[in-house]
Amino acid sequence: MGNWVENEGLSIFVVLVWLGLNVFLFWWYYLAYDIPPKFFYTRVLLGHALALARAPAACLNFNCMLILLPVCRNLLSFLRGSSACCSTRVRRQLDRNLTFHKMVAWMIALHTAIHTIAHLFNVEWSVQARVEEKQTLAAVLSSLGDGPNESYINFYRKTIGNPVGGLYVAFTYLAGLTGVIITLALILIITSSTKTIRRSYFEVFWYTHHLFVIFFIGLVIHGAGRIVRGQTAESLAEHNPELCYKNFTDWGKKGSCPIPQFSGNPPMTWKWVVGPMFLYLCERLVRFWRSQQKVVITKVVIHPFKTIELQMMKKGFKMEVGQYIFVKCPAVSKLEWHPFTLTSAPEEDYFSIHVRIVGDWTEGLFNACGCDKQEFQEAWKLPKIAVDGPFGTASEDVFSYETVMLVGAGIGVTPFASVLKSVWYKYCHDATNLKLKKIYFYWLCRDTHAFEWFADLLQSLEAQMQERNNADFLSYNIYLTGWDESQATHFVMHHEEEKDVITGLKQKTLYGRPNWENEFKTIAGQHPGSRIGVFLCGPEGLADTLNKQSISNSEADPRGVHFIFNKENF
């Protein structure tokens, strides 16, 4: 149970608090509009749809306040690096920023749907009340404002019936027009954020996501028209609606109830979102300032399997292992920024990224760097690069454990290149202060080409550990997941050779997929009473598997073995 709390508990706690606040706000504002006499006559016109529109509006304000905070990367990096206010558990929650961002987005979509549907009924009933016969209370209320010294309660002042009246409200009133615009913007943002669009058409995702600017502008001014109106406090003092509504035909006559007076609710959304909007504006200013700093590409290395390595230098650039940066190449696109994990170590005098060519932008970068040409590319011909970052990730905490499991799938091995390089440098100089004592490294790839660019690093680290008589420090297993033993039979004759014929390493390449249950049980048996960090950069399916194994193979006893699962998110 203890490890379940450490892996999941705080996240579950955060989610429950967030859900609880949503439920509380919904119920509180529903009652605030469904019970008080201030909105008695508004409810006569609109019924329960009034409260069903206002309650999700409050939840929208709350969630729109939260939605920008998880994408303030510099703020999160500052908090993550501040040991005074950020414990290890809190840092692990900050690493889940994008997960929380998506959850809040779906909550916004849910409340938008409820708010919109409720207002569709409100508009229909408001329009209908203006054109129905005058003998009803709703018709009398709707006619208020037509005479002198009267304030209106029904925001719709025309006498055109539905459906034309409803369309008139939607496209001529500020609340209707902004509602249509921000709803369309939200639909485009959410539909273009699916995994398929992000991976196959990243540019579509990138550009439509910036409709959030229109969304927030529309959101702030949406309530400026004050179409939701209630009875004023002064009017309530002399006109009790629960008593006077029965004699509505005598309002204003001598000895009867005076005509009620109404006013619109002032806009409140800006009070919720002005703080996060200011923080996000500062975030974008910091990003812009960083993007203007000069970055020099010192070397471009072409690796097999459509992968290139960019080695760069930037004044004042400092990094930690496993961090990532955002890169923009104006020669390819003046607006697009793409995240890449740093593959260099903090001890090196440059920083580097590995880029796999999988889309239009990466193809453009490949060509801009002259990698499509046979001749040597002059340094002055290399494209200008803008860099924002570095930003922290879960991999920064690798050196906080004595024992770690590093799992990379395909190009997802890049964060661990930085980790292993840093370990190599530390052993070359002085490893006596290194808390990390054992690394279990797993790399899963579909075919042999993907191994080639990374094998040199593993060979160097393998040789370094043997020279230091510490060959057991690193245990690594490389899996060809696209093959199985039957497909690899022609390599069996080389199995007795000292080095693997595919990677050139002493450890032989394995075929198929790891049996994770066996791996976890074996490691748990070798390190009783330890806290073992499990770090993954790979697909969601593998993340679910490793998280479940981390929980099931941890002991309930606090003194027993505990696997702490961490996943890269950017």
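Going from the start of the chain as shown, residues are counted 1 onward.
Glycine residues also receive a Cβ, built from the backbone N, Cα and C atoms like all the rest.
Range with TrEMBL annotation transmembrane segment, chosen from 204-225, 424-445, is 204-225. Long-range contacts of the transmembrane segment (204-225) within its own chain (CB-CB distance under 8 A, at least 6 residues past either end) are made by residues 60, 64, 155, 173-175, 178-179, 181-182, 185-186, 188-189, 192-193, 197-198, 264-270, 273, 277, 335-337. Summarising model confidence by region, the domain 'FAD-binding FR-type' (287-397) averages a pLDDT of 84. Remark: secondary structure over the domain 'FAD-binding FR-type' (287-397) totals 21 helix, 39 strand, 51 coil, with classes taken from DSSP.
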